[in-house]
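Feature annotations, reproduced from Swiss-Prot:
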{"type": "BINDING", "residues": "Arg70, Ser71, Gly72, Asn83, Leu87, Ile88, Asp89, Met97", "note": "substrate binding site"}
Amino acid sequence: MKKIDVKILDSRIGNEFPLPTYATEGSAGLDLRALIDESFEIQPGETKLIPTGLSIYIADPNLAAVILPRSGLGHKHGIVLGNLVGLIDSDYQGPLMVSMWNRGNEPFKIEVGDRIAQLVFVPVVQAEFNIVEDFQQTERGEGGFGHSGKQ
């Protein structure tokens with residue numbers, strides 16, 4: 001398991017709330033919590049930036065992290081990430097914040113310590129462009145947007 005430096009920005013982590021951990025052996029994501037001072041509602045159509053109480057420093061340029069939504073929040077309540085996916089570069093050292101957007105029709109209440117998103121570490125390949133006049137032809141070619149059919 002890879003070790004990542006984490007800085008606790010909110011003293012409630014480790015006391016009132018645990019440090020993020022993997023829920024099961026097969027879990028890909030670590031749950032991030034709303035480390036807010038008091039509960040509040042996100043109104044329909046509204047976006048709020050919510051602190052997690054943590055900052056991380058990945059350091060390894062071959063890794064990044066992504067902040068992803070929790071499936072139940074989106075499916076049941078219409079709560080998704082305001083930026084769809086949050087990308088954390090390996091050299092970023094600032095606080096982890098979650099942009100939450102209520103695309104539902106009802107106000108949604110965020111309580112102190114609610115699990116609001118998940119953090120997943122992913123490998124990174126930095127590419128260098130090679131300028132060419134033409135590509136080697138493939139069977140697919142330029143087919144896209146439904147090219148492979150529905151079934």
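From the backbone N, Cα and C atoms, a Cβ is placed for every residue, glycine too.
Compared over the binding-site residues Ser71, Asn83, the count of CB atoms lying within 10 A of a residue's CB peaks at Asn83.
Taking each of the binding-site residues Ile88, Met97 in turn and counting other Cβ atoms within 10 Å of its Cβ gives the largest count for Ile88. When secondary structure is read from DSSP and collapsed to three states, Ile88 (substrate binding site) falls in the strand class.
Taking Cβ-Cβ distances under 8 Å and a sequence separation of 6 or more, the neighbours of Asp89 (substrate binding site) in its chain are Ile58, Ala64. Residue density at Leu87 (substrate binding site): 12 other Cβ atoms are found within 10 A of its Cβ, drawing on all protein chains shown.
In the three-state DSSP classification, Ser71 (substrate binding site) falls within a helix.
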